[in-house]
């Protein structure tokens, strides 16, 4: 691909020339021009897509493969240039590492706790936004504002809201007669709190994606359903949801990828106490564990092994999703 | 599309959603205007106090906020400009030009979206360490300068928004590809370019993982990096932390206030498959 872009460059550098030359001169000029025109047609598409692939090769593909190579070495952050070959030791260690399995479990639990309610709520919210509304533009922007809030800013305020002694959430709970919850140290409570941050930030975004898909559903479907005497809720269940299936699948994939790389929320939910994900690692995710191994414990090789384990898990999920979708398509 | 009129129930629920979406932001401002002692009392404050100016000043100096904001503007601005430019080029090629392997390459672009950045973070760090780029802004700019999302977004837009006849008419006039790009594609793509620019700016502003790895709080942090270092005393001052969070979020909220509708439109446009 790079060769072709090199061929292309002389013809694209001076775009003003074909027009400036005007009517036909001698034959050689015309031959040269038509040849240049052909080259331009043939190779400029590659030149246009080249920047993306060059950047991807340099900052995406190469590092991804090199991660696999680094995972087979002992590398320390303090001296990243000296790599000692250790074979599969980083991986076998990971296999026996209770913190790795803990982080994997937490990632799955927090992933489910954040993704499932988030998408369900987003679907309902989109349904409401799809009505003819006064101030619909306001509502759409309002539910999207959490998306403009950074992970850091959002997590820092939620740490306070979920504070055990003086937090707003516990104050509200006690006001209606419940006991205070230790949102930081309770294993399940802390995971629920971390999930809440994710849900808060992303529900509005997903609702807008569903809303866009809902607006593309042909109105006749609703009319005929209404003629059959379907209530609004039944219409939602039997017309809207089936029409949205591809979009729902798409958001599930995106949210799952997001969930596997969850990092900032659990890091900062620890209130400045480091990358452990709580005193008992109760909300440490894989992304956070990778960071702890690499940039707190300085073991870049072991961090690479975690990265490849994450990659493997993602491939498994992708395979499962493909299977699931293939079966659904087949049954229709 | 149908347009049933909304009932009262719908408005009540939407109002609740709006309140839930805005409350943490409003409360950030409330907490930032109080003192640390007041935040350690029950019930928590529900209205603004008089400490905002003081807290903002402390956050500004303690967290290197001036540098951080400037750095973030540079990073997010460059990334947004680069993404818009390169994505329009590639999106145009994928949408309107016929070339060998275009389908496969487009599938590859979409496939790269599935790779989380964490998978490549170790070698990337080794790379910038070797280049002595740690704590330099190019370390966070270059790896995110073009993304698959932008390419796909522009492609989806141009498939419908750019009539093929326009491209062909310019071609018959003997225009080169660059001319076509400049005089036909860019004007047609302008609305989508603006939206993509804003979306990318927001994403780059809020980017967390890689900046945390590549930059340090006392060197040249972005806002997100600076925020992690705020109030890290023996007794962290929560009201100062909230003031910092407010400082780091306000610029984006302003962008939302002005361009919110366009951003909403962009997200919804990107969602519909072409």
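Cβ from N, Cα, C; glycine included.
TrEMBL lists B:69-259 with the feature domain 'ABC transmembrane type-1'.
Summarising the annotation, TrEMBL assigns transmembrane segment to B:68-93 (among others). Within the chain, the transmembrane segment (B:68-93) has long-range Cβ neighbours (under 8 A, six or more residues past its boundaries) at 99, 102, 109, 137, 140-141, 144-147, 150-158, 162, 181, 185-186, 189, 193, 196-198, 200-201, 204-205, 220-226, 247-248, 251.
Long-range Cβ contacts of the transmembrane segment (B:105-128) within its own chain (Cβ-Cβ under 8 Å, at least 6 residues beyond either end) map to 90, 94, 134, 136, 139, 143, 148-149, 151-152, 155, 209-210, 213-214. What TrEMBL records for B:105-128 (among others) is transmembrane segment.
For B:140-159 (among others), the entry in TrEMBL reads transmembrane segment. For the transmembrane segment (B:140-159), the residues of the chain that approach it from at least six positions outside its boundaries are 75, 78-79, 82-84, 86-88, 90-92, 94-96, 106, 109-110, 112-113, 117, 124, 185, 188-189, 191-193, 196, 199-200, 204, 207, 210-211, 214-215, 222, 269-270, 272-274, judged by C-beta separation under 8 angstroms.
Sequence annotations record features per position, and here TrEMBL assigns transmembrane segment to B:180-205 (among others). Sequence-remote contacts of a segment are chain residues at least 6 beyond its ends whose Cβ falls under 8 Å from one of its Cβ atoms, and for the transmembrane segment (B:180-205) they are 72, 75-77, 79-81, 83-84, 87-89, 91-92, 144, 147, 150, 153-154, 157-158, 161-162, 166-167, 170-171, 223, 251-252, 255, 259, 262-263, 265-267, 269.
Residues annotated as transmembrane segment in TrEMBL: B:240-259 (among others). Beyond its flanks by at least six residues, the transmembrane segment (B:240-259) meets 25, 28-29, 31-32, 36, 52, 55-56, 58-60, 62-63, 65, 68-69, 72-73, 198, 201-202, 205-206, 223-224, 226-227, 230-231 of its own chain at Cβ-Cβ distances under 8 Å.
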